[in-house]
């Protein structure tokens, strides 16, 4: 299983790298052609669509993965349910557009919401049988689908932005992304869908708690966008949304492949408690080791990143990237809790966790957004982010019997190394200026990042040696390097063979 997971992570990592590069290229170009207000307008409509989609989410993909032996009728049922849901959500979203436009005093929302509603219906026709490969810990299809749809969306949005210089570039990009994703899903796994509702109850018996959790989760993470849009306007929402995405990009694309492969991997050892514990701790340690330096560098180099990727007119988003990149990096300490709970079938507990997060997070952030400014919202997110870490670790203790101390110890070297590397980077960096060229900014980012990664890695190895070299992310890295050396330099003897 470990070898299959490793291959899966490599495929998913390759997909994430490709998607990240495309996203950065898209952001680099679109941020210069469009305005924060354009991004804010589309973000407002997209946020409302995400909330509506979450309320009707069926989580059928997770149900198919969890099912012991899904049949063709299970896939037909999943396809039919998704298509019906997509049609209802899309139509409802389009019909609500005049009311929403009146609420936010912006008539541009009407056509934007109608076309976005169509995108939901299109996505409802995606091939559910792609999940067969995921169940087998095969992930090359994820690479094909993710890269194809991202490439289609990026090309379409850039072309429209170059011609029209309007928010429609973002809407067209979203539509093309959905169309490409659906088409490519049938290319990678041939499937002829048929209308059927035979196994509705069977599929919903697992996914109902996931669906409820998805509703709470989406409201938890999107209500602040709606309030900011209402209280501070489209420009502030554009700065907040783009800054949020840029900050999340650092950690999400780093740990995403590991977390995506973790659910089916843990599911395979769910009846072996000790292996489950070891697998979780190993994944937790690797995720933290990968995410900490990236989040730290993004937070400390936020101004350089914003100037380089977004341009001068987005400088007000620097504080958003600074604060959220640090919060996202710290939250990876307990981020594998979701795949762990899903592997154990503890979806009700996952829902209760989401409900508790909602009860803590939403009132604090909503009050900050309603009565304060953008800075107060970011401060509220930092406070609630720390509370989320404690809550997730508590859930892991209940699910796997791992104490909070055991969970912290698996990530302590990464935390200490990130603090030390951050101090060195902070002392070494040069304040960026408005007159800096693109090459100057890129050179500064590359030099400081190289220094930070080098210090982080060296500190990690020192702490690992002082701890008598226990199993952890260091051993995983050395094992990977050893395998690569055997593959590409077969005549050389590895250090483990001596």
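Every residue, even glycine, has its Cβ placed from backbone N, Cα and C.
Note that TrEMBL annotation is computational and uncurated.
According to TrEMBL, the features are:
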type	residues	note
TRANSMEM	9-33	transmembrane segment
TRANSMEM	39-65	transmembrane segment
TRANSMEM	77-96	transmembrane segment
TRANSMEM	108-126	transmembrane segment
TRANSMEM	138-162	transmembrane segment
TRANSMEM	168-189	transmembrane segment
TRANSMEM	285-302	transmembrane segment
TRANSMEM	314-334	transmembrane segment
TRANSMEM	355-372	transmembrane segment
TRANSMEM	378-395	transmembrane segment
TRANSMEM	415-439	transmembrane segment
TRANSMEM	445-467	transmembrane segment
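Listed as Cβ neighbours of the transmembrane segment (314-334) (distance under 8 Å, sequence separation of 6 or more from its ends, same chain) are residues 31, 36, 239-240, 242-244, 246-248, 250-252, 255, 284, 287-288, 291-292, 294-296, 298-300, 302-303, 305-307, 374-375, 378-379, 381-382, 385-386, 388-389, 392-393, 396, 407-408, 411, 415, 418.
Here the transmembrane segment (108-126) touches the transmembrane segment (77-96). Their Cβ atoms form 3 or more pairs under 8 Å, with each pair 6 or more residues apart. When Cβ distances are compared across the two stretches, the transmembrane segment (77-96) makes no contact with the transmembrane segment (138-162), since fewer than 3 pairs at least 6 residues apart fall below 8 angstroms. Beyond the transmembrane segment (138-162), the same-chain residues lying 6 or more positions past its ends with a Cβ under 8 Å from any Cβ of the stretch are 4, 7-8, 11-12, 14-16, 18-19, 22-23, 25-26, 29-30, 33-34, 130, 168-170, 172-181, 183-185, 187-189, 260-261.
Listed as Cβ neighbours of the transmembrane segment (9-33) (distance under 8 Å, sequence separation of 6 or more from its ends, same chain) are residues 139-140, 142-143, 146-147, 150-151, 153-154, 157-158, 161-162, 165, 169-170, 173, 242, 246, 249, 253-254, 256-258, 260-261, 309-311, 314.
Residues of the same chain lying 6 or more positions beyond the ends of the transmembrane segment (445-467) and with a Cβ under 8 Å from any Cβ of it are 289, 292-293, 296-297, 300-301, 304-305, 308, 413-414, 416-418, 420-422, 424-425, 428-429, 473-474.
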